[in-house]
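Trainee: Provided herewith is a single structure, encoded as structure tokens, for subsequent inquiry.
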Amino acid sequence: MRPIYSGAATIVREAADVRTPLPCFLLRGVFSRSECLGLIQEAEREGFQATGRDYPPSYRDNDRQVHDDAALADTVFARLQPFLPERLVDAAGDTWHLQGLNPRFRFCRYQGGQRFCIHRDGAYAPSPRVRSHLTCMLYLNDAREFSGGATRYYADRSEGAGLLGAVRPEAGTLIVFDHALWHDGEAVSEGTKYVLRTDVLYEHEAPAPTDLDGVLTGHQGYVWSVLARRDGRLATASRDGTVRLWRASAGHWDCDAVLTGHTASAVALAEDAHGRLWSASRDRTVRRWDTGTAHIVGRHEGAVLSLAALDDGRMASGGADGLIRLWPSDGGAPEVLQGHTGWVWALAALPGGWLASGSEDGTVRLWRTSRPHEVSSSASVGAPVRALTVLPDGRLVSGGATGGLTLWQPSLSPHPTLHALHTQRVHTGAVCALAPLSGGRLASGGEDDGIHLTRLPDFTRLCRHAHGDFVRGLAVLPGDLLASASYDTTVRLWPVEGPEGTPA
């Protein structure tokens, strides 16, 4: 998809009406209206995909098309380069220099009430020294062709967050803004809105960072999950579709292997009783890795979000289809647990053949895995449940979309029930990861860009580690180390007993 430039376009840069010190500006006249119409027509010919089985409805429900085109990225960058910041200084004080555009373009179509809820855009990192810092979004048609559809900016993600400003779409106008800005796409109630977006890449001024400072780099997108394996290695799963294995050597971590095969984000990881690695993905597959070779065990009817190894050797997977599937170790047909009415974000295996699940429907459920057709017991949290973990004493902790943690006491006989012992809002964003620590402590990570260490049972705050972006996964390592996986494309190692904010 290559718009043909006339060569006579006059581009005008102006500040967006958004109250922020971060980069946020408009470039008017980048594309002509006829070029925008041509892009819309070609995108419609190729076809859009619904996002409902790949993204939660509380996040987005618009239609999308992904298109990789390095030549188009080079052509567009040649026009934009004079108007883009040549140099950026990030929150850590590091300097970055303009490098180019991400060759992956996303066409988005909004109609019939579709919207994109408040979010921040994640970074793309094609190498340890190069990563995206700015979003570059082209409006392909005018606001007069639809109702709603403004791009709105907020102080944060919380309910009632202050509006920093809004931009009405105008065909041929680009808006460029910092990935750190919270924003949404207002619902389109009538007509159809089209946009095309990509990212602006910058190169780090200093040599490529190493893992000597407790930062593991190499993934090209969000790191969704981190797993401490029994053989001492770390496994990580990323938006770039890969699973990486890391081995500690002489005080630092080296990437031992890169496992490829998934065709979309690798989201969840688990290890079975035989020490084999399993992964789950937005490509709707569950895979088992036998000595580096992927075996597709099975599929869901939507993104696969969670995994948990069961006592009997089976692997449980939870998906965007609201189902939990129990996969035999020999690869046979799975048994299916039905009861949730939303995405199954989290699974946790309990002793004695029980499984706990947490869902977008706001419930935590208990399942007897030996009786898959038995009606499960459930308890309502009041908000989508994004994380679960089992404590050494058999109690459960759940983390919710509004930042709350709940301590649960499961009672498994004669009738399974869940008793909420204590609830506390610890995070200012969704809780995405939980990990029990020694001494009755808990680590939790979330969409407030931090890791909180608290003491049970009342979640007394002990310290906080700042990550710089959403924390999606946590794993406990020998030697009092905590590994965290983040949207910033890194895995970081933290001393469990160390000072706040200091990687190991």
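Quick reminder: no glycine exception, Cβ is built from N, Cα and C everywhere.
Note that TrEMBL annotation is computational and uncurated.
What you see is a predicted model, and the numbers here were worked out from it, not measured in a lab.
For 100-242, the entry in TrEMBL reads domain 'Fe2OG dioxygenase'. The feature repeat 'WD' is assigned by TrEMBL to 216-246, 259-299, 297-327, 337-377, 464-497.
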Trainee: Let me know the model's mean pLDDT on the domain 'Fe2OG dioxygenase' (100-242).
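Mentor: That stretch averages a pLDDT of 92.
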Trainee: When you look at the repeat 'WD' (337-377) alongside the repeat 'WD' (297-327), do they share 3+ Cβ pairs under 8 Å, ignoring any pair fewer than 6 residues apart in sequence?
Mentor: yes
Trainee: Do any residues, 6 or more residues outside the repeat 'WD' (216-246), come within under 8 Å Cβ-to-Cβ of it, and if so which ones?
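Mentor: Answer is 122-126, 128, 208-209, 253-271, 275, 277, 279, 281, 283, 289, 470, 472-478, 483-487, 489-493.
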Trainee: Give me the DSSP three-state residue breakdown of the domain 'Fe2OG dioxygenase' (100-242), ordered helix, strand, coil.
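Mentor: Counting residues per DSSP class in the domain 'Fe2OG dioxygenase' (100-242), I get 6 helix, 76 strand, 61 coil.
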Trainee: In the repeat 'WD' (259-299), how many residues does DSSP assign to helix, to strand and to coil?
Mentor: 0 helix, 25 strand, 16 coil
Trainee: Let's see if you can do this one: DSSP helix, strand and coil counts over the repeat 'WD' (337-377), in that order.
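Mentor: For that range the per-state counts are 0 helix, 21 strand, 20 coil.
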